[in-house]
Amino acid sequence: MLWFFLLFSVVFLRVEAAVVQYNVETVDAAAVAALPADHWAQFNQDAFRDGNCSFVSLFDDAPYFEAINITSPFFSRDAVEWYVSSDGFLAPTPSPMCDFFCTEVALNTLFGNYQFGDTVYGGGGDWPMIGLYVVDLNPSAAQVSWSVRVLSVPGGKAGVDHVIVEYRDVPLTQTTSVNDTLTAQVEVWTNGTIVMRYKHTPTGVNASVGLVLSREERVVVDLVAHTGGVAGVRYEPVMDNCSSLVNESVCLGREGTCGWCAATKMCVATALANKSCPHISFRTQSPPLALDDDYYDVVVEQGAELVDVRALGGRELLNTSVQALRLEMGFDFPFYTVNQTSHVTNTTYLLSSGLISVFSASQECGPIWNMCPNGNYSFTIMPFVATEQWVSKTSVTYALLPERVQGDVLCKNVRCPLGLVIEVANTTAIASRVRSSNYQIYLDASGAVEFRYGLPVAARIPTGPVVDFFSFPSPFVGLFRHRVEDPATIAVPLSLVRTGTRIRFDPRGKCNDCGRNGVCDSVTYKCSCNDGFTGDFCEQCSVDHYGPRCLPCGACENKGFCDDGVNGTGSCVCPKQFSGRKCEVSCDEPFDCTGCNLRGGYCECGVCRCDTASGWGGPHCDVLLDPCRQYSFDGCEVCSNDTANKCTFCFDSMCYSALLNGGENEYTCSHTVPGEDASLCVPAVQKEMSQVDLDYIILFLLIVSAFVCSVLFVVFTRLGMRRYSLYDIHAAGASGGVPDHKPGRREREVVQAVFVQKNALKDKGRHVLGVPLKQISLQRLYESQRNAQSKRD
């Protein structure tokens, strides 16, 4: 019996559990009067009187959220600390999404929305929360003092059984009516139960109510559907029963229900697998199946401290204003490879958004703030990729580590290779100054990678010792090879990342990178290429296949052949007298096809015929003609109305045709926005175009301006010369008139009086500037002397 008791104790040692789903119960306002006084939907009349005043009562938008000192499971997270905001919700982080009531006025600003909808992705809901009544509130303008209060009810193992937060007569920010106020309560229990109660809500306001953790994990309640009003909503959690199983074999015995996560050494419900475990680490049978593209072993642990980088000889990089740093590693670092020279580097690049771009200084994915919302990264190391930047208080410290005979905290082996440890501290989120990530990255010559995490908020904010990491858009953590959908990409769920988390990636050292066109065989450890590809690393096209996707060539006639290969066009290369898609057309006269883009069509006797189905057009078939791009500024509702072209609206505000998918003009989009998501379908605002042709008006104004400038130049030039009394004696002597004004000479010279007008010499005391003799020709000098002599005679 003793062994049975020990086994029972080991198997059920863990008591923490995540939430698989919530069962929702709603009570209408008309029904609450008939309920017993102790019913959960009855408004607690004593909570406000007995509760503690929250400092968020002093703000329209509180600079950070205040802890209410309770922990509970929430969706895939087994334990989160809760904080109260000034806008009708609780958050599992003290950091707001932005410094105001967040509203996504444009998708590419990456600010996000506090309010949310009920679609899979979109409609807002971009920040994790318990949404009691999410709307732009202003507690500081309430008629009652300290309008937000918190009541802790003692009990339970942690000393607190549940907490009630009440908003009392809190007005809307943009209202002048005293009736547009909120009086409501939210009650959070340590077992995960959540209760919301409503006594008075503003009229005509479409507030958000429900629970949100991520784009997939959300429960939304539509208050508008209840015409008589809602008195209360209860969310009862259905817990993950697998988490209590700490024995792997017992866990795997729950086939179809539970699976084992090797990275965390925990049993996880299959419904939560992709939210609680890196996909390469999750299995539902023993022994585990051999996986293709299994390049790394992953370990995730909690309770690990940051290492002292300065004690390891670290030095600080001061120039963080550039938002990207080139790092000399001091050793050859292999990434997703065993011995491919193209996948080894001794130089890498650290970007402010929280990633290392291993082989290039930037990512070609249309980044915003150094972040790609669609996840299209390539060859990146990603400790915590978010919309963050380096500021004056940010520090980046790194240390080059020598070979070590004995292992240390960063390397448990007896002998450790050359390594590099980087610490990034005090970053600042683009939308909120209080989000401030702190993390460390370790790399070594074996290809190992390790992440460690400190506090994710500014140091001045009071928090507990462990804080979960959150950001918008949803951050990426892990190792990316070819984009987020690549099977070899290792994405670590955000639910595993918090203060004290340690994530380790140790290379298996068996497979080279076979790219997106093949997989590493788990038995031979050689690349097994997809149809149409060949080569040691599946980097080439097989015969009669062309282009980057190695598409199959069409048939060619009249001894024509396909222009195949990775750089080929796929068109038929025809004998001189033939042309056409298949070389089926005989041309009577000579022709020239050099102007045709053969990737976008074919040549027929010198005329370019475009492949419009693939999105090509123009006289030379070199113009992209996606019929849906014209709707990009009109929002997703207008975009999705064009069903004939299968127009689809992407998260980055691009409307594109899904008919072009699989071709060269395919638009890459990781997250699409449904047309019914009204809050993300706001068309781009453009001013009305004037119907008046301004070309002639502009030309007339230019002519008038030129004339006025010329007149002013002449007038002011004459006035300036008169002002300084500058004479041109030579011009006066030649014409016999009044001297012209011109700039004076640098020095005076003596000249003969014959060359000075007599009128200018009447005033004997006046000094004049003469013309130097050396500037007068001899011919003119002799003529002047003869004229003077003839007058005397």
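Yeah, the Cβs are placed from backbone N, Cα and C, and that goes for glycine too.
According to TrEMBL, the signal peptide annotation covers 1-17.
Under the heading domain 'EGF-like', TrEMBL lists 507-539 (among others). Same-chain neighbours of the domain 'EGF-like' (507-539): 290-297, 334, 336-340, 343, 446-448, 481-482, 486-488, 545, 549-552, 566, counting only residues six or more beyond its ends whose CB sits under 8 Å from a CB of the stretch.
According to TrEMBL, the feature disulfide bond maps to Cys529-Cys538 (among others). Just so you know, the Cβ of Cys529 (disulfide bond) picks up 21 other Cβ atoms within 10 Å once every protein chain is counted.
Confidence in the domain 'EGF-like' (546-584), given as mean pLDDT, stands at 92. Summarising the annotation, TrEMBL assigns domain 'EGF-like' to 546-584 (among others).
Sequence-distant neighbours of Cys574 (disulfide bond) (same chain, 6+ residues apart, CB-CB distance under 8 A): Cys556, Asn558, Gly560, Gly580, Cys583. The DSSP secondary structure for Cys574 (disulfide bond) is coil. The disulfide bond annotation in TrEMBL covers Cys574-Cys583 (among others).
Residues or ranges marked as transmembrane segment in TrEMBL: 696-716.
Taking the Cβ of Cys538 (disulfide bond) as reference, residues of its chain lying under 8 Å away and at least six apart in sequence are, in sequence order, Cys514, Gly515, Asn517, Gly518, Cys527, Cys529, Asn530.
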